[in-house]
Structure formats: structure tokens, C-alpha cells
């Protein structure tokens, strides 16, 4: 008997193919920006005048990719709350909570600095403050961990006396540079895409009533499909224009591992989406006349 179609593997293959193609294109055509290099990371992308998506200020990056988990959360809630009762399984909420916890641990807080900051610092990262003149100075790593804004007025001890600074008020946040800067965009786009594809499986499950969609659920499935497609396109633009090949690869691998972790609730509870024949309620047996 042939194995059932596994859309999760198709999604993994699609994201990996986009990453490989975009990365190879970026190497051959020199389109990527090394974001860990403090000398150039504060500057506009060298192709921002000719390639629309090379600019960090393009709407796709500003309003979608940088707010991706908000889009993912809205998509999940819309899809889950409009799902048929037979597919509104608690295990799906457990998956979302686990995915959100992983996202927060890697990008926001993990018993102090997030995982990504710890990785950058442990691989030779340096906390760098970019000055209005284009120069940069190193400051203690704690300022990057806490995201503390600094200026000559608030932290005069950090600035050499010989350093010429512009008149008036000036303040900036230091950033970790030079270490291995894992692509956070690649990590999040991979996790979000695979998570949403996994959730969409429930709409096509072989369960009683699972194919009986309300109008709201039809819109939810369409919306999830649009968000997934936009995420794939954003994954492509990230592959082409930002981060070194190794930084993109590690971001993808960590995103893949994070998605793998979201499968644990399914396997621990035995609640995976049915892919065989629809479950049928057995007909009541007829009593035989004596």
C-alpha cells in the first residue's frame, strides 16, 4: 500500500529549495549583505537603488517579516476558531504555545539574553555602537543584552574624550556584530511557514465533519494560504539579499528544528491528523428474532 501524501515534507522541500536557489544566486551575483560586519551593516544595502527588495525599508520587510509572528498568531487563531468541532483539537493550541515559546526564547528572552544574542556573543560577537559620523566604538556586552540606549550625555565614560561628536542631543542602541549572526528572518520564516502548513492539514483531515466548512473557515484557509505564500516569497528575498550563506543555513536549520519540536505534542498524545480513510460510525447491530 503506498505511503500517504505528507504535505509537511513537501513544505520542507519547498523551503529548502528556495533557500538553496536564493543563496546560490546571491553568491554568484554578489547580492547578499554581510550583516555581522560592523563597517557596512549600518549602511544601506549596496543594491538598494536598483533592487527594490534589497532595501530594509521595503514594505514586505517592515510590515510583514518584522511582524511575522503577529501575522502567524492572527492566522492561527482565525483558522482554529473557525475550524469544525472535530478538528478543533487542544493539541493544536499546545503546538502554538510551544512554537511561540521557542520564538520568544530565540529572539526575546531566555533566562536573560535571547538565544540568538548568546550565540552571537559566544562566537566572537562584539557590542558595537554606531556613531552619526559613520564610525563605531565597542561598549560592554551587557548594553546589547539589555538593549539600553546610550549617548555621550547619559554614558560619558563609554566615549573617548578625543572623539568628536555632533552638537545637540544624540542617542542610539548598540548592536552585537562580528560574531556568527544567525539569520533571524530565515529562522522565523521557516518556522512560521511549516507551522501554518501543518495547521492547514486539519482542514483536510479524514474526520467526520472535517470537510464541512463554514464561510468563515473558507476565508481562514484562504488567508492562511496567502500568508504562507507571502512568507515563502519573503524567504526568497532574504536568501538573495541578506546574511552570509552560512548564517542563512544555520537560521534555516534552527527553524526546522523548532518546527520539529512543535510536533512533540502530536506524537506524545497520539493526536496526529488522520490521513487514511474517514472514520465511520459502525451501524447498530440488529437483534435476531428468537
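Each residue, glycine too, has its Cβ placed from N, Cα and C.
Matching 149-168, 249-268 against TrEMBL, the residues noted as transmembrane segment span 249-268.
Within the set 73-92, 93-112, the record from TrEMBL flags 93-112 under the feature transmembrane segment. Ranked by the number of CB pairs under 8 Å to the transmembrane segment (220-242), the listed stretches 7-28, 93-112, 182-200, 249-268 are led by 182-200. Between the transmembrane segment (93-112) and the transmembrane segment (7-28) there are fewer than 3 Cβ pairs closer than 8 Å, counting only pairs 6 or more residues apart in sequence, which means the two stretches are not in contact.
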